[in-house]
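Chemist: The structure that follows is given in the form of structure tokens.
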Amino acid sequence: MASSNNHNKSSSLSSTSSYGPQLAVKFARRTSSGRVVSLSRDDDLDLSSEYNEPNDYVNYTVQMPPTPDNMPNSTQSNPPHHQRNDTADSLNRPNGGRGDDHNLDAATKVMSKFPENDPFYGHMDEKSIDFTGIDIPLPLFVYLSREKRPGYDHNKKAGAMNAIVRASAILSNGPFILNLDCDHYIYNSLALHEGMCFMMDRGGDRICYIQFPQRFEGIDPSDRYANHNTVFFDGNMRALDGLQGPVCVGTGCLFRRFALYVFHPPRANEYAGLFGQIKYPAPHIQAQSDDDEEQPLNVHPDPNLPKTFGNSAMFSDSIPICEFQARPLMDHKSVKNGRPPGALLAPRPPLDAPTIAEAVGYEDKTEWGSRIGWIYGSVTEDVVTGYRMHNRGWRFVYCITKQDAYRGTTPINLTDRLHQVLRWATGSVEIFFSRNNPFLATTRLKFLQRIAYMNVGIYPFTSIFLVLYCFLPAFSLFSGHFIVETLNITFLSYLFIITICITLLSLLEVKWSGIALEEWWRNEQFWVIGGSSAHLAAVLQGLLKVIAGIEISFTLISKSTAEYEDDIYADLYVVKWTSLFIMPLTIMVINVVALVLDFSRTMYSVIPQWNKFFG
């Protein structure tokens, strides 16, 4: 019972039902003329006689007629309103005075009830929007704030993802998990549907995750720092989709929950030969799938659950359920490892168990972070996690929707952009010096897929050769000797062939992927900028971590937060000093000094030899 200004009145309407009475709060407002206007659904109820005191707001509590649980009230149309101030009423009603509030009442009941398998259909009496015969349940939304304590390593994003995997397994146990960064949002509401179609289709039980391309907003029109990264997302990732799938880049990725629990796919292949052209089924994977057919779904195949998954019995019980829910429908004879229609198990009600599963000490003496879930020990935990799944024989799919699936923001300032590239490159160096090196991969990884992962770990080391190449002109000008003593026909032929091959390869990539020539050129420009600064620093940091055990901490990358159109690119021109500028500035200064000195030496010589100056 609510009260306002020590003034409260109530009345009750007696009614009996097996469902019990339901209470609702009625609100009224006294206007400047002294008349009371109802702000509740029953606007035909005249409340003027109930109040005698000059209060502005009065709460009026009644007992509503009982209705079945999780069902909207079947009410009739309201009669004409008498003595009603339409202007004041429309300004104070939640929906602006348009239509009835029956839909709001029904939605409130759905939100307050935990989701069930039984559909919740709209009523024909809901007149503002016709939901007749439409299943209108609202999804369960839970905000998880995990425990953090001094002395415990929370493992940053990877630890947060593992905590939410365990908590969501107890709350809803959905078979699929969407990973989005805090600066991304869903732009295409059908993206999840398109991703699930791959996994629920015939043969989709072998697919581990669906990776969507990253699209960004708030980038300057010229994209001078290659923030869109179209060469990678529209070129490299699409090419990898023709092998065993793209690498996992984190945000915009739809995972199969069961695959995160370090289980193997129902069917896997092993590859042999120089280029992996020989394919045969993995024998122990086939034996495992045969045993699963004889085992009940509610019995987990691993008897040593606490050591592997932790001490939560509810979480352990959810593992076979999520595997069964993610199977494709057995609606065709060609479907293998499917489930019959209508055989989904009921979701588990929410209890206090999720708080135990996300506790700070839950992962102690378990395999979380080492084999299960997101893998710890690297700043690029997404790539490592995807590599582990690839290594077990899972397939990945790269899904490019007609309309962007997800959009996010990215740093447009050069300093912030270089720090972002430094983080990615450091993670690649960590992968190269760890047991996740693709040289140590299993035979379930194709040769070309292995080469792709090798490129992920090796590309920062190209900065060493790039920096040496940038210093070559200055070295030639200082010493007076070119890298090639004489420009003979053999050298020029080799140079011409290499140039033609690189040009044709670039044109082929641009034509095949549909990348604009300007985007490709911006990507090449920033590769030189990042290669001579962030990539070289990443190699040094990676070596320090491997040799000396020195951990490098990274600062959070600031994103553009301009709210007005005039300020949207203001951060682009802000100069922020960073140590990553030292090497590019050194290269520029040394080359300029060498050019000036050699020009002066040639000009003031007795016999100027300009042919040597121009090479």
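Note: Cβ is positioned from N, Cα and C throughout, glycine not excepted.
Because TrEMBL annotations are produced automatically, they should be read as predictions rather than curated entries.
These numbers come from a predicted model, not from an experiment.
So TrEMBL has the following annotated:
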type: BINDING; residues: LYS156; note: UDP-alpha-D-glucose binding site
type: BINDING; residues: LYS157, ASP181; note: Mn(2+) binding site
type: COMPBIAS; residues: 58-80; note: compositional bias 'Polar residues'
type: REGION; residues: 30-104; note: region 'Disordered'
type: TRANSMEM; residues: 456-479; note: transmembrane segment
type: TRANSMEM; residues: 491-512; note: transmembrane segment
type: TRANSMEM; residues: 577-597; note: transmembrane segment
Chemist: Give residue numbers and ranges for long-range contacts of the transmembrane segment (491-512): same chain, 6 or more residues beyond its ends, CB-CB under 8 A.
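Modeler: Long-range Cβ neighbours of the transmembrane segment (491-512): 231, 235, 484, 520.
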Chemist: Just to confirm: which same-chain residues, 6+ apart in sequence, have a Cβ under 8 Å from the Cβ of LYS157 (Mn(2+) binding site)?
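Modeler: Listed in sequence order, they are TRP374, GLU381.
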Chemist: Would you kindly list the residues that approach the transmembrane segment (577-597) from elsewhere in its chain, counting only those six or more residues past its ends and only Cβ-Cβ distances under 8 Å?
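Modeler: Here the qualifying positions are 415, 418-419, 422, 467, 470-471, 473-475, 477-478, 529, 532-534, 536-537.
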Chemist: Please report how many Å separate the Cα atom of ASP181 (Mn(2+) binding site) from that of LYS156 (UDP-alpha-D-glucose binding site), as a whole number.
Modeler: 13
